[in-house]
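Report on the following structure.
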Amino acid sequence: MDETKQTIEKIPAVALRGMTILPGMITHFDVSRDRSMRAVEAAMEGDRMIFVVTQCDIQEENPTIDDLYHVGLYAEVKQVIRMRNSVVRILIDGKKRAELCEFTDREEYLEANVIVHEDYYEEDLPVQAEKAMVESIQETFFKYADANGHIAPERRKRVKEISDLSKLIDYIANSLPVSYPDKQKILDAISLTARYEELLTLLFTETEVSAYKEEFQQKVKERVDKHQREYVLREQMAQIREELGTKDDESEIDEYRKKVEMLDAPEDVKARLNKEIKRLESLNDNSSESSVTRGYIETLLELPWNRATTDHKDLQEAQNILEEDHYGLKDVKERVLEFLAVRNLTEKGDAPILCLVGPPGCGKTSIAHSIARAVGKEYVRISLGGVRDEAEIRGHRKTYVGAMPGRIIEGLKQAGVRNPLMLLDEIDKASSDHRGDTSAALLEVLDSEQNARFRDHYVELPVDLSDVLFIATANDRGAIPKPLLDRMEIIEIPGYTANEKFHIAKNYLVDKQRSKNGLKKNQLQIQDRAIREIISGYTREAGVRDLERKIGSICRKAARRVYEGEEGKISVAATGLKEFLGPVRYLPEKKNKKSDIGIVRGLAWTAVGGVTLEVEVNILPGKGHLMLTGKLGDVMKESAQTALSYVRSIAPEYHVNADFFETHDIHIHIPEGATPKDGPSAGVTLTCALLSAVVEIPVRSDIAMTGEVTLRGRVLAIGGLKEKLLAANMAGMKTVCIPRDNLRDLEEIDDEIKAGLEIIATESVKENIALSFVKKKK
């Protein structure tokens with residue numbers, strides 16, 4: 001609506017002290033100053049209209065125009081009641097906002113020239129906008145009312161009923177228990193837009209204040225209740241002890257002092273303990289500082305400052321333990337034995353720190369446990385998965401509530417010696433955020449130059465970690481921060497072959513689960529063919545963790561049958577697995593029955609082992625667009641672009657029309673669309689599939705390939721070759737094309753994996769094309 005103004009001259013004025021009244025409010029106030037009372041009388045003799053304005057300074061007895069706010073209330077005097085002590089109570093009805101222009105200081109009373117304002121917006125707004133503003137204020141008020149907890153239901157109901165924006169703002173502002181300067185800001189806002197913003201700001205502020213007030217009151221109440229309860233209980237306990245005459249002969253302080261005398265620790269540690277004990281002696285038992293100091297003393301007493309075990313140095317015994325605990329893993333065992341030999345020769349913890357990297361379930365943690373057995377060390381496992389706070393490693397400072405030592409110090413306490421084997425499990429899962437960088441804290445722990453004087457924030461004393469044998473495990477080498485990776489020596493633990501899994505299950509897992517479930521060897525037998533069927537049909541993993549769970553499930557069902565009275569040995573055959581484990585979960589990967597156009601089998605590496613990856617390409621009439629589906633990552637998308645560029649460059653050699661790529665769309669799809677896929681090693685597969693679809697020549701169904709491709713068609717080396725060849729073998733592939741640069745990796749791969757595969761090394765995509773494209777019959 002448009003702004004309108006009306007000038008009213010010589011309207012009587014009353015200055016208010018300590019209160020602000022807004023339009024729409026019928027209220028009363030007391031008047032005691034002579035000039036104010038005469039102004040009221042003048043209004044009663046006239047049209048009863050009066051200008052009510054608030055003083056800036058309530059101490060001023062004779063205010064001038066400079067002592068008053070410039071916006072007041074244009075109101076009607078409804079009633080005048082004379083009270084005792086020369087005080088007059090005035091009842092007024094606030095009508096509209098009025099802006100003070102000037103004062104006429106008459107002898108009897110004040111007269112003011114004011115401009116009475118109608119409600120208006122700073123710009124034209126649609127009806128929907130005004131409705132939205134009304135609803136916004138109502139919602140904000142209800143949030144304030146919920147936080148405040150003292151708003152009457154009638155007032156909430158009234159706010160919900162008012163649909164006029166101006167009336168709603170003034171009603172809410174009048175009802176808020178805020179100071180008069182805050183209300184004056186609402187009164188000063190002539191336009192509805194400004195008034196709306198002022199009220200919202202005020203409501204938001206008051207809502208936060210109410211929430212904080214409630215929180216503080218609750219905390220104080222809980223603290224007082226807790227202290228009162230503790231006080232009463234302690235008084236009762238003291239009275240009971242006094243009546244029974246069972247007070248301890250030796251105080252807690254004396255016990256601590258005796259423990260310090262017996263403690264095998266450096267002198268600076270003992271000095272710190274005596275200082276803390278003396279401090280504890282002076283503290284009130286009921287104080288929070290007392291419990292913090294007591295916890296700190298007990299932590300220092302429990303740490304193994306000088307306690308250590310003697311390492312076993314018999315390498316043959318170590319080898320026997322590794323062979324006893326693990327099947328296969330020849331290279332890994334050799335490297336571990338070399339590591340132990342070097343450590344025995346150096347006599348100190350300067351040997352490299354091992355990091356065992358491999359998929360889940362392949363025996364990383366159990367190898368670390370076996371190393372601890374082999375060298376005669378106490379074993380402590382520290383899980384770093386999901387650790388984000390640096391204080392988890394370095395500890396919390398004692399000033400914080402609930403402070404405690406970090407995981408390294410807790411590990412030493414758990415081991416009870418200063419030279420345990422400490423396994424840092426899943427070091428690749430440790431991350432960082434605003435609370436600090438976990439990997440930076442681990443750098444000091446793993447650095448032999450620094451860890452001899454490791455400082456935990458809680459302990460506040462140097463702790464020697466140089467005799468601790470640290471071993472780390474990880475699933476993904478690439479996720480370990482580079483500085484941390486530099487301090488460790490990586491030992492790759494690849495996934496197991498099907499034959500290795502069979503021997504592990506037969507020689508280790510079946511006996512372990514049978515014993516765990518209370519069965520004897522003559523009560524349950526799992527036949528060899530059944531074990532192989534579990535491996536191929538019920539598990540799909542690089543390790544043996546799920547395989548062990550399946551064997552455990554069979555043992556539990558057999559245990560129930562034995563407990564219910566079934567006699568004789570339960571023999572589980574491959575044909576009877578459905579009774580124990582249900583239907584087969586995984587069908588074996590099979591090659592395509594026939595060679596097809598635009599379909600090529602690739603090989604990929606994942607954190608749980610190798611898989612085959614089928615690439616499909618379809619050519620459609622269109623405008624040269626490239627569509628990529630199958631949840632592909634950025635690197636794989638770029639590989640597809642590179643493959644397309646290379647195919648376009650060699651297309652003339654295959655007599656492809658010059659405008660072919662402008663008049664056709666290309667759709668590349670990799671099945672299992674819900675599974676994320678990424679990496680550059682599918683480049684050669686994408687290239688062959690693209691060219692096959694363009695020139696309409698089928699690709700052999702018994703061939704698989706892997707390799708990164710360049711714009712010039714060169715095939716570059718890839719990683720995870722063992723896992724990829726294992727996947728190709730399981731899928732029944734006959735021929736596998738690998739980059740020539742990966743030939744050196746074949747020497748480290750077991751013959752069992754390579755058996756039955758024709759492995760061909762290629763340097764260029766054209767070699768892959770020549771090998772994989774079906775020759776046309778002449």
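In case you wondered, yes, glycine gets a Cβ from its N, Cα and C as well.
Positions annotated as active site by TrEMBL: Ser681, Lys724. Here TrEMBL flags Gly358, Pro359, Pro360, Gly361, Cys362, Gly363, Lys364, Thr365 as ATP binding site. Per TrEMBL, domain 'Lon N-terminal' is recorded for 11-207. Residues or ranges marked as domain 'Lon proteolytic' in TrEMBL: 594-775.
The number of other CB atoms found within 10 A of the CB of Lys724 (active site), across every protein chain shown, is 28. Shown in sequence order, Leu356, Thr473, Asn475, Ile493, Ala542, Gly543, Arg545 are the same-chain residues outside Gly358, Pro359, Pro360, Gly361, Cys362, Gly363, Lys364, Thr365 whose Cβ sits within 8 Å of the Cβ centre of the ATP site.
Under the DSSP three-state reduction, Gly358 (ATP binding site) is assigned to coil, being neither helix nor strand. Taking the C-alpha positions, the distance from Ser681 (active site) to Lys724 (active site) comes to 11 Å. Within 10 Å of the C-beta of Gly363 (ATP binding site) we count 23 further C-beta atoms, all protein chains included. With respect to Cβ neighbours within 10 Å, the binding-site residues Gly358, Pro359, Pro360, Gly361 differ, and Pro360 shows the lowest count.
The secondary structure of Lys364 (ATP binding site), as reduced to three states from DSSP, is helical. Note: the CA-CA distance between Gly363 (ATP binding site) and Lys724 (active site) rounds to 20 Å.
Cα of Cys362 (ATP binding site) to Cα of Lys724 (active site): a distance of 16 Å. Taking the Cα atom of each, Lys364 (ATP binding site) and Lys724 (active site) are about 21 angstrom apart. Between the alpha carbons (Cα) of Pro359 (ATP binding site) and Lys724 (active site) lies a span of roughly 14 Å. Most Cβ neighbours within 10 Å, among the recorded positions Thr365, Ser681: Ser681 holds that distinction in the structure as shown. On a Cα basis, Lys724 (active site) lies 14 Å away from Gly358 (ATP binding site). Between the CA atoms of Gly361 (ATP binding site) and Lys724 (active site) there is a gap of 18 Å.
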